[in-house]
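The region 'Disordered' annotation in TrEMBL covers 1-54. According to TrEMBL, the compositional bias 'Basic and acidic residues' annotation covers 43-54. According to TrEMBL, the feature Na(+) binding site maps to Gly70, Val73, Asn77, Ser346, Leu443, Asp446, Ser447. Taken from TrEMBL, the feature transmembrane segment applies to 87-105, 135-163, 262-281, 290-311, 335-360, 372-393, 469-487, 507-525, 546-568, 588-609. The annotation disulfide bond is assigned in TrEMBL to Cys175-Cys185.
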Amino acid sequence: MAKKGSTYKMWPTEPDAPHKATPLETRFPTDASYSSDLASEGRLQESSKKEEVEREQWGNKAEFVLSCVGLSVGLGNVWRFPYLCYVNGGAAFLIAYIILQLLIGKPMYFMELVMGQYSGSGPTKVWRMNPAAKGVGVSMCMISLIVSIYYNIIMAYTLYYFFASMQETLPWTQCSEEWIRDYNCVSKYEASPAPCTLNMTQNQELGKCSCTGNSTIDNSSLPFNMSCTPKIVGTSSAELYFYNEVIQRSAGMAPSQMGSPLYRIVLCLILSWLVVVFCLIKGIKSSGKVVYFTATFPYVILLILLIRGSLLDGAKEGVEFFIVPEWSKLADLQVWIAAAGQMFFSLSVSFGGIIMFGSYNKFTNKVYTDSLIISFTDMITSIIAGFVVFTTFGGMAKATGRKVSEVAKGGYGMAFVVYPEALSGLPPSQLWSVLFFLMLFTLGLDSEFGLLETVITCIQDEFPKLKKYKTYICIGLSCACFLMALPCTCPGGDYVVTIMDHYGSDFAVLIVACFEVISVMWVYGVMRFLKDIEYMLGSRPHGWPYWVFCWTISSPLLIALMFLYRMVRYKPPSLSDGTPFPHFAQSIGWTLLSLVLCPIPLLFVWRLVKSFLDPSVTTLKSRLHFLFSPTPDWGPNDRSARKLQEVTSSDSLSMEKQSYDTPELVKGDLEKQTLSYDNPAMIHDDPAIIHERL
C-alpha cells in the first residue's frame with residue numbers, strides 16, 4: 001500500500017471503479033499491454049546487464065580515490081612545486097595557488113568527475129552532451145598520449161638512478177679526471193673560510209681567509225706569510241653526472257647534434273613500460289589493486305625524509321627560505337600564471353583522466369566529497385614535499401657554506417642533481433637514495449596509469465567492439481609509445497622532452513580547459529548540469545551558488561585571461577646556455593600544438609556539415625539544436641533511468657523533457673526507492689509508477 005500522504009494512487013481493485021487516466025497511462029492502457037511491457041522490461045534488463053559487464057567498475061571506493069590521488073600527485077609535486085614556490089615569492093605563491101585552486105582547480109575537478117560518473121563515458125563519448133564540442137575530448141586524449149610518452153622518459157631516469165644507488169660508492173659523488181680538467185669538477189662543496197680583513201690578528205686566528213676581491217685587503221696578509229684562499233668556482237659532480245653521464249645532453253638540438261639512443265636509458269625505458277603494461281593489462285581491475293602500494297608508499301618515504309631533514313643543522317633556514325612571503329610578488333602577474341600552470345599540471349584537470357576515472361564509478365557514488373578530498377590531498381602533498389626538499393637543502397647549504405638560493409634549482413635539477421647531492425651526505429647514503437628514487441618511480445607510475453588508461457578508454461568508447469581486445473590494445477599502444485619516445489633517449493632528447501611538455505601539454509591544456517568549461521556550463525547549461533547532479537546524488541552540492549559562479553564566470557574568465565597573457569608575454573624555451581630554441585624547433589612545437597588542438601574546430605565543422613546533410617534539419621533553430629543539444633543516446637549511467645529514456649524516446653519526447661531533466665517525470669524520489677517488484681501489493685499500481693520502474 002502507498003504510504004499515507006503519498007502522491008501516488010493505487011489502481012482500484014474493482015474493474016468498474018472509476019479511474020482517471022494520466023498522460024503517461026496511454027502507454028500502459030491494458031493488462032495485456034502491461035504484460036508486453038514487462039517482457040520488454042526483461043529485455044531491457046538483459047541489455048543493461050550486458051552494458052554493466054562491458055563497462056568496468058572500481059572494486060571499491062578506496063581504489064577510485066587512490067587512483068585519482070595517484071593521477072594528481074606525481075613527479076611535479078616533488079621538484080616543480082617547491083621550486084616554483086621559491087622563485088615566486090614563497091608564501092605569496094602559495095596564496096596565489098590556493099586562490100586559483102578555489103576559483104578554477106576544485107570546481108573543474110568536481111565538474112569532470114561528475115561528467116564521467118553521470119554518463120559512464122570517457123573523455124570523447126561524454127560529449128554526447130554537446131556533440132559540437134566532441135573535439136575537446138579528442139584533444140584531451142591527444143594531450144594524455146603526448147604526456148604519457150615523455151613522462152615515461154623521466155621515469156626511466158629514476159630507474160637509472162635507482163640502480164646506480166646500489167653501488168658501493170654513489171657514482172654522482174665522484175669526479176673523473178676529464179671532468180676535473182674540463183669543468184673544474186667539485187665532488188663535494190666545502191664551507192668557505194671567513195673573508196679576509198685588515199685586522200691581521202683576526203686573519204691569523206682564522207688560519208686562512210677567503211679573498212674579497214679588494215687588493216688592499218687581500219695583499220695585506222702577504223708580509224705575514226699568509227695568502228688569501230681564492231673562492232673555488234666549479235661544477236658539482238652530481239650535475240656533471242646527470243647531464244654528461246646519464247642523458248649526455250648535447251650542446252644543441254640540430255639534427256646533426258641529436259645523436260643515437262643511449263642504450264642504458266633505452267633499457268630503463270623498456271623496464272618502465274613493462275611495469276606499466278603489467279599493471280594495466282586488465283584495466284582498472286589490475287591498476288586498482290596496484291595503487292594501494294603506488295599511491296601510499298610515497299607518503300611513507302616523504303614522512304621519513306621529512307623527519308630526517310628536520311633534524312639537519314640548517315633545516316630552519318631552508319624552511320624560512322621556502323615559506324617566508326614576499327608580499328610584493330602578489331602584484332606580479334607572472335606569479336599567478338606560474339601558480340595556474342602548477343595547478344593544471346598537478347591536478348591533471350583537462351587531461352581527460354579525471355573524466356575517465358569518474359566513468360568507472362557507481363552512479364550513486366558521493367563524488368562531491370571525493371573531489372574535495374582528492375584536490376585537498378594534492379595541495380597538502382605539494383606543501384609537504386616542499387618542506388621535505390627545503391629542510392634538506394637548508395642542511396646542505398649550512399654544511400657547504402652556501403646560501404639556500406645557490407642550492408635550489410628548477411626542473412630536472414631539483415630531482416636529479418641537487419637532491420642526489422644532498423642525499424649523499426646522509427648516512428647510509430645508498431639507503432636514502434634507493435628509497436628516494438623508488439618513491440619518484442611510484443609517484444610517476446600511477447600518474448602514467450591514468451594517462452595511458454585515458455587513451456585506452458577513449459579508443460574503446462569510440463570502437464566498442466574493441467573492448468574484448470583490451471589486453472592487445474594496452475600492449476600495442478605501449479609499444480607504439482615506446483617507439484615514439486626513442487628520440488627522447490638520444491643526447492638531444494632533453495630538448496625534445498621540453499618541446500613536448502611546453503607545446504604539447506602546457507599551452508594546449510589552457511586552451512582545452514577554456515573550451516571545456518564553456519561547452520559544458522554555457523552551452524549544455526549550468527542549471528541542467530545542476531539538475532544532473534541532483535538526480536545522481538539526490539541533492540545539489542553544498543554551497544551550489546559558489547560552484548555556479550566558478551563554473552560560469554571565474555573559471556572561463558581567468559583561464560582565458562591567463563592564456564592571453566601567456567601569448568602576449570610569450571617566451572620560447574631555451575637551451576642550457578639560455579639561448580632560445582632555434583626557429584625550426586619552435587616551428588615543430590607550434591605544429592604539435594596545432595595538431596593537438598585541430599580536433600576542436602574540425603569536429604565542429606564536421607557536425608555542422610552533418611546538419612546540412614540531415615533532411616530533418618531545415619531551420620536555424622533546428623540546426624542549432626542539432627549542433628549543441630544532447631544526442632538521443634545521452635543520459636545518466638543508471639539502469640532504471642536508461643530504461644525510462646528508451647520508453648520516452650519512442651513518444652518523440654525531446655531530450656529536455658526526459659526523466660533526469662524534468663521534475664514532473666522524476667517525482668517521489670524517496671518513495672520510489674521503496675517500490676519493489678517483489679511486493680505483491682504493488683503489482684497493480686499507478687501507471688506513472690510503472691513508468692518510473694521501467
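Even glycines carry a Cβ here, placed using N, Cα and C.
Not measured: the values here are computed from a predicted model.
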- request: Would you confirm whether the transmembrane segment (546-568) and the transmembrane segment (335-360) meet the contact rule of 3 or more C-beta pairs below 8 angstroms, pairs 6 or more apart in sequence?
  value: yes
Field: In the chain carrying Asp446 (Na(+) binding site), residues 6 or more apart in sequence that have Cβ under 8 angstroms from it
entry: Leu66, Ser67, Gly70, Leu71, Gly74, Ser287, Val290, Val291, Thr294, Ala295
- line: Ranked by how many other Cβ atoms lie within 10 Å of their Cβ, the binding-site residues Ser346, Ser447 are led by Ser447
Query: Short question: which residues 6 or more past the ends of the transmembrane segment (87-105) have a Cβ under 8 Å from it?
result: 321-330, 332, 334-336, 338-340, 342-344, 347, 349, 375, 379, 383, 410, 550, 554-555, 558-559
Field: Leading stretch by Cβ pairs under 8 Å, where the reference is the transmembrane segment (372-393) and the options are 135-163, 290-311, 335-360, 588-609
entry: 290-311
- line: In chain order, residues whose C-beta lies under 8 angstroms from the C-beta of Asn77 (Na(+) binding site), counting only those at least six residues away in the same chain, are Ser346, Asp378, Thr381, Ser382, Ala385, Leu443
Closest-packing stretch to the transmembrane segment (135-163), where packing means Cβ pairs under 8 Å, from 290-311, 335-360, 588-609: 588-609
Positions on the same chain near the transmembrane segment (588-609), where near means CB under 8 A and six or more residues out: 131-136, 138-139, 142-143, 146, 499-500, 502-504, 507-508, 511-512, 515, 572-573, 581, 626-627
- line: The number of other Cβ atoms within 10 Å of the Cβ of Leu443 (Na(+) binding site), counted over all protein chains shown, is 27
- prompt: So among the recorded positions Val73, Cys175, Cys185, who's got the most Cβ atoms within 10 Å?
  reply: Val73
Query: So which other residues, same chain and not among Gly70, Val73, Asn77, Ser346, Leu443, Asp446, Ser447, have a Cβ within 8 Å of the centroid of the Cβ atoms at the Na(+) site?
result: Val69, Leu71, Ser72, Gly74, Leu75, Gly76, Ala295, Pro298, Asp378, Thr381, Gly444
